[in-house]
Amino acid sequence: MTVLPSSDRKYRRSPPRSPLLPQKLDDDQSFDAHGSGFDGASTSGAVFNLSTTIVGAGIMGLPAAVNQLGLIPGLLTIMFVSMLTESSIDMILRFSRASKSKTYSGVATDAFGGAGSNILQACIVINNLGMLVVYMIIIGDVLSGTSVDGFHHGGVIEEWFGQHWWTTRSALLLFTTFFVFAPLISFKRVDSLRYTSALSVALAVVFVAITAGVVIVKLMEGKVGMPRLMPKLVNQASFWKLFTTVPVVVTAYICHHNILPIENELKDPTQMKSIVRKSLTLCTSVYIATSFFGVVLFGDHTMDDVLANFDGDLGIPYSSLLDDLVRVSYGLHLMLVFPIVFFSLRLNVDGLLFPYAIPIAFDNKRFFSVTIALMGFILMGASFVPSIWDAFQFTGATAAVCVGFIFPAAITLRNIPGIATKNDRLISWMMIFLAVSTSTVAVTSDIYSIFYVDEGITS
């Protein structure tokens, strides 16, 4: 009689093949979702899906973070977090293969038991919910506008058609939910989103290209000043406030929850390490370009959501048209990123609520019930969260660092399969120290700022 590992006993009644099955993967098991003849995802499709998971709303907060840190420290921080992200993903991949776990939570189960798995899934849920609320906020800002410090930044639909009941924020978000999100989040296999993911990456590149073009034209005309290369330190409070930018950068790289679902669907899983490297290289290039051109273009006027800066005169010909292109392209990008992040959110919520049920892919009633409940919660969250900076700092300083760094490092230090090297342990301790220290300072600084108003700090 074969004895199942502890992390898999609760799934022993599950059907053998499904993209959403949180069970062990046998060496000779081929992937065939629901007997549909699907013989595995392509490498290019996986690169687009992973890149889309990474390049979401986080890119919109990076220019403000880099402006606060200063151009040189800010860009170096982006590259450093990218390298740490690659190391943490490599840890997840190696330990999942050693334990033959198909999910991130399965790897955590092998290392820490059911309690560890539940904590990880809760962190993923908090992180993904925070991100999807941010997506909703930005999409609402793009379509219907936003008000900051008593000044209203108009949205594209509002500017095109004027103020009507159907151009209000709530009406436009409901329309987007029913006619864009609903069809895309109904897929039960992540590879089904490969074409929308490719389009979303292309739209992100369009955003970067337009921003770069505007900067180049203004540089040629001598209309751009020298950006601040180092942070502006006015007093002690301004120094501690610099640490609040770290969670924003960390959040921009969180993709760990989709690593194994994407690998599970690959035709050749051995290509996953190369896929991760290509995706991180692409996304880091986009992040650096966006941050650099955003800071050069707007300087100290860079807003928490840099898209809000694209609602006025850019100082070049066809400014209004370029404003609309930037906002529409990135609004559409976020609409296409949304289902990728939602895929992992739904899977982990279901794992927390129904740990002993059959996989959600085989239960249509549960699948759509969980989907509808989550969408309702996200819509409500987008109505009450005041700004994306608040959401970035909350999720980045708590759940994101746990998902991206603390859990991979802890799994490595636990080293149940006995495959961790001395270098792995060194990197793991560094990850934990950086994650805990920066998050603690960020949260403390945020709490302190509630009671202390520093007029000399740009946020």
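Including glycine, each Cβ sits where the backbone N, Cα and C put it.
The domain 'Amino acid transporter transmembrane' annotation in TrEMBL covers 41-443. Per TrEMBL, region 'Disordered' is recorded for 1-26. Per TrEMBL, transmembrane segment is recorded for 46-66, 72-93, 119-139, 170-187, 199-219, 239-259, 280-299, 328-347, 367-385, 391-414, 426-451.
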- Does the chain bring the transmembrane segment (367-385) near the transmembrane segment (199-219), so that three or more CB pairs sit under 8 Å (pairs 6 or more apart in sequence)? no
Maximum Cβ pairs under 8 Å to the transmembrane segment (46-66) among 170-187, 199-219, 280-299, 328-347 is reached by 280-299
Pairs 6 or more apart in sequence, C-beta under 8 angstroms, 3 or more of them: is that satisfied by the transmembrane segment (280-299) and the transmembrane segment (170-187)? no
Between the transmembrane segment (199-219) and the stretches 72-93, 170-187, 328-347, the largest tally of CB pairs under 8 Å belongs to 328-347
Same-chain residues at least 6 beyond the ends of the transmembrane segment (72-93) with CB under 8 Å of its CB atoms are 62, 65-66, 104, 107, 229-231, 245-246, 249-250, 252-253, 255-256, 259-260, 263, 272-273, 276-277, 280, 283-284, 287-288, 291-292, 295, 404-405, 408-409, 411-412, 424, 427-428, 431, 434
